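These notes are about the structure you will find just below.
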Amino acid sequence: MLAPPASAGDIARARRAVSVMFVANGIAFASWAARVPAVRERLALRDGALGLALLGVAVGAMLAFRAAGPLIARFGSRRVTRVSAVLLCAALPLPALAPSFAALVAALLLLGASNGLMDVAMNAQAVEVEQRHRRPILASFHGMFSLGGLVGASLGALAADRAVSPAAHLFAVAAVLAAAVTAAGAALSADARPEAPATAAAGAPAERRSTRLLLLGLIAFCSSIGEGAMANWSAVYLRDELHTTAAVAATGYAVFSLAMLLGRFSGDGLTQRFGAARLVRAAALLVAAGLGAALLVNVPIAMLLGFACVGAGLSVVVPLVFRAGASAPGVAPGRALSTLATMSYGGFLVGPPAIGLVADLLTLRGGLVLVVALVLVIVVLAPAVARGSAAGAPAACPPGARPQAVGAH
């Protein structure tokens, strides 16, 4: 795929703009998540009704993932990112204004759809910028999303503590984010020109491309099951299995999140030094060894260290999978990313209930062993991350080498 030539200044501005998009996305969704209890209380919803309403986010996201590829192919990731970012800001306060259960479901469908569309489009933009930058930078964008999530969650906790209504809080967040993404949108990277037919024909056969994308999707699926397990079961494990205090239990996910944040900001340098496939394999082995050893020792401090290993290891997997899929020759980046996002999100949705089922049949300890088994699948499939890279994609560089900022080939 050919990219329009860009100056170093244009590339730097585009990188900052994409970073703003990732931070804004993280802030927006974490802000909503922090106010779910208040919205539930306002509508007097039971757990079952709230769970059904929250499915609206998942359904909206899955529908958006399917639409994202064709939309990006037609309009370009730059335009889709700008529009979807504004739509997300517009949808953010709607759940807090919903007067009924049905209205809440509709609002969450819109929130999930706008978030899902922005997710795919901004990742496509990130790949565009990385290809122009000529060095790995995708993990740092995902780190900005994690940072935004921490900011959004903190602001949400502060708003709840000060008894600020969810509507007022989310309106304020949406207004600030709308201004930020609108300003940043103008600096986003121009989309690469479509491949010439001869270039596409020279690529791998369609069957091989489909298999490669499936393997990458399976890696993302397994990784997201691990992330979902930490989000939903880390605190429960510490509290119920190891009988810690509620405060200690709450640190489980915090330790995981902090390790993931640090891992993502370190991931680009590690990718440049060691290469994508070796890094993914090493990261998966870190998760398997760290969590496996923690489950064997089975004391609180060991489990906290194990959760940190999971966060650090999984932090680089999905960014590298997305880069490999979007850089694969003969596959439109938007379509590849929409497929990978669907499989990744599917893992996040399927994983927690699957672990709960295993916990019912065996123990929660046995359920977390499932995460260890799945990251070993990532170890086996890690070469697909390297095979998915196009010739023009960033690769490992010798220490001290300085890739030049030129247009991608």
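Each residue, glycine too, has its Cβ placed from N, Cα and C.
As annotated by TrEMBL, domain 'Major facilitator superfamily (MFS) profile' applies to 1-391.
Per TrEMBL, region 'Disordered' is recorded for 390-409.
Long-range contacts of the transmembrane segment (17-36) within the same chain: residues 50, 54, 81, 85, 88-89, 92, 95-96, 111, 115, 118-119, 122, 125-126, 129, 140-142, 144-153, 155-157, 159-160, 166, 169-170, 173-174, 177, 180-181, 183-189, each at least 6 residues beyond the stretch ends and with a Cβ under 8 Å from a Cβ of the stretch. Taken from TrEMBL, the feature transmembrane segment applies to 17-36 (among others).
Annotation source TrEMBL lists transmembrane segment at 48-68 (among others).
Per TrEMBL, the feature transmembrane segment maps to 104-124 (among others).
With a threshold of 8 Å between CB atoms, the same-chain residues lying at least 6 positions outside the transmembrane segment (136-158) that come near it are 15, 18-19, 22-31, 33-35, 122-123, 126-127, 129-130, 169, 173, 257, 260-261, 263-269, 271-272, 276, 315-316, 318-320, 322-323, 394. What TrEMBL records for 136-158 (among others) is transmembrane segment.
Annotation source TrEMBL lists transmembrane segment at 170-192 (among others).
Look at TrEMBL and you will find 213-233 (among others) tagged as transmembrane segment.
If you look at the transmembrane segment (245-267), the same-chain residues 6 or more away from its ends with a CB under 8 A from one of its CBs are 136, 139-140, 142-143, 146-147, 149-150, 230-231, 234-239, 279, 300, 303-304, 307-316, 319-320. Among the features that TrEMBL reports, transmembrane segment is placed at 245-267 (among others).
As annotated by TrEMBL, transmembrane segment applies to 279-297 (among others).
Sequence annotations record features per position, and here TrEMBL assigns transmembrane segment to 303-322 (among others).
Taken from TrEMBL, the feature transmembrane segment applies to 334-355 (among others). Same-chain residues lying 6 or more positions outside the transmembrane segment (334-355) and placing a CB less than 8 Å from one of its CB atoms are 58, 61-62, 65-73, 77, 80, 116, 119-121, 123-124, 127, 213, 216-218, 220-229, 231-233, 318, 321-322, 325-326, 328, 364, 367-368, 370-371.
Outside the transmembrane segment (367-386), and at least 6 residues removed from its termini, the chain residues within Cβ reach (under 8 Å) are 212, 215-216, 218-219, 222-223, 225-226, 229, 233, 237, 275-278, 280-281, 284-285, 287-288, 291-292, 295, 310, 313-314, 317, 320-321, 324, 354-359. As annotated by TrEMBL, transmembrane segment applies to 367-386 (among others).
In the predicted model, the domain 'Major facilitator superfamily (MFS) profile' (1-391) shows an average pLDDT of 89. Within its own chain, the transmembrane segment (48-68) has Cβ neighbours under 8 Å at 36, 40, 80, 101, 104-117, 119-121, 334, 337-338, 341-342, 345, 349, counting only residues six or more beyond its boundaries. Here the transmembrane segment (213-233) lies next to the transmembrane segment (303-322) in space: the count of CB pairs under 8 Å, restricted to residues six or more apart, reaches at least 3. Within the same chain, residues 123, 126-127, 138-139, 141-143, 216-217, 219-220, 223-224, 226-227, 230, 234, 237-238, 242, 251-253, 255-264, 267, 270-271, 276, 279-280, 283-287, 289-295, 337, 340, 344, 371, 375, 378, 385, 388 sit at least 6 positions outside the transmembrane segment (303-322) and bring their C-beta atoms closer than 8 Å to a C-beta of that stretch.
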